Amino acid sequence: MDFVAKNLTKLRETNPLVQNITNYVVMNSTANSLLALGASPVMAHAMDELEEMVSIASSLVINIGTLDEYWIPPMEKAAKIASDLKKPIILDPVGAGATKLRTNTALKILDFADISVLRGNFGEIAAVLGEHGKTKGVDSAAYDSNEAIELSKNAAKEFNTVSAVTGPIDYVSNGKEIYAISNGHPMLSKVTGTGCATTSIIGAFSAVDEPIKAAVSGLTVYGISAEMAFGEAPYPGTFQAKVYDWLYRIDEELVLEKAKVNKFEI
C-alpha cells in the first residue's frame with residue numbers, strides 16, 4: 001500500500017506531538033518508540049494542564065494498562081477536551097474483560113468520546129462488545145482469523161470508530177472495509193509494551209491521515225520493524241533495542257518492499 005510509505009514520510013516531516021495518558025509499565029518504551037520513528041511524545045496526565053496540553057497535541061492516546069481511581073478522571077477529561085477540539089483519539093483498552101473496572105472504563109470512554117481508533121487484542125475488543133471468556137490477564141487467550149475479521153467489523157459499527165484487532169494477523173475495519181496486515185513477529189509477545197507502542201504509533205500516524213489508514217500505517221511500520229529487528233537480534237532484550245533501531249531506519253523503500261497488506265470490501 002503506497003499510502004503507508006507516504007505517511008511515514010509525512011510523519012517525519014511534521015514531527016507530530018502525541019499526548020499519551022498511558023501506563024507506568026510502558027511509558028519509557030512508548031516514548032522511545034515514538035522518538036525513534038520521528039514523532040514527539042509527551043506523557044502528561046495532570047488535571048491542571050490537560051486543557052493546555054491537549055490543545056497543542058496532534059493526537060491523544062489513552063491506555064488503561066495501570067488503571068486506578070486516580071487515572072480515570074484525567075483520561076475522561078482529556079477525552080472530552082480532545083473530542084471538543086476534534087483531535088484524533090486512540091483508545092487501548094488494556095485488559096478489558098479481565099476486570100469490570102477495565103471493561104467499564106473503556107466502555108464509558110467509548111460512549112461519550114469521539115474515538116478515532118480502538119486498538120486491542122482479540123480478547124480486549126471482544127470484551128468491550130460483551131463477549132466474555134476471551135481475555136487472560138491482559139493477553140488474548142485465543143485467536144481465530146475469521147472471528148477476528150467479524151470482531152473488527154462489528155466493533156467498528158457498534159462504536160462508530162475504526163477498530164484494530166491485533167494478533168498473528170491484524171485486522172482493521174471502519175465497518176465498510178477491512179485491511180489485513182500480516183507483518184510482525186511472534187517475538188513481540190515476549191517483550192512488554194509492544195502493543196502499547198503500536199497504539200501510540202497509530203496515534204502519530206493519525207496526525208497525518210484518516211483513522212483507518214493511520215491504523216494500517218502504524219501496524220505495518222511497526223510490524224516490518226519487528227521483522228527486521230528479529231533478523232538481527234533473535235532474543236528478547238536485544239530484540240527490543242533493535243526494534244527501536246528499525247523504527248528509526250525504516251524508510252519508504254523498505255515499506256514498499258516488505259508490506260503485507262490486503263484490503264477487503266464488506
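Glycine too: its Cβ is placed from the backbone N, Cα and C atoms.
The feature substrate binding site is assigned by Swiss-Prot to M43, G193. M43 (substrate binding site) counts 16 other C-beta atoms within 10 Å of its own C-beta, drawing on all protein chains shown.
Every protein chain shown contributes to the tally, and the Cβ of R119 (ATP binding site) ends up with 32 other Cβ atoms within 10 Å. Look at R119 (ATP binding site): DSSP puts it in a strand. Annotation comment: Swiss-Prot describes R119, T166 as ATP binding site, evidence class sequence analysis.
Cβ crowding, taken as the number of other Cβ atoms within 10 Å, peaks at T166 among the binding-site residues T166, G193.
Between T166 (ATP binding site) and G193 (substrate binding site), the C-alpha separation comes to 14 Å.
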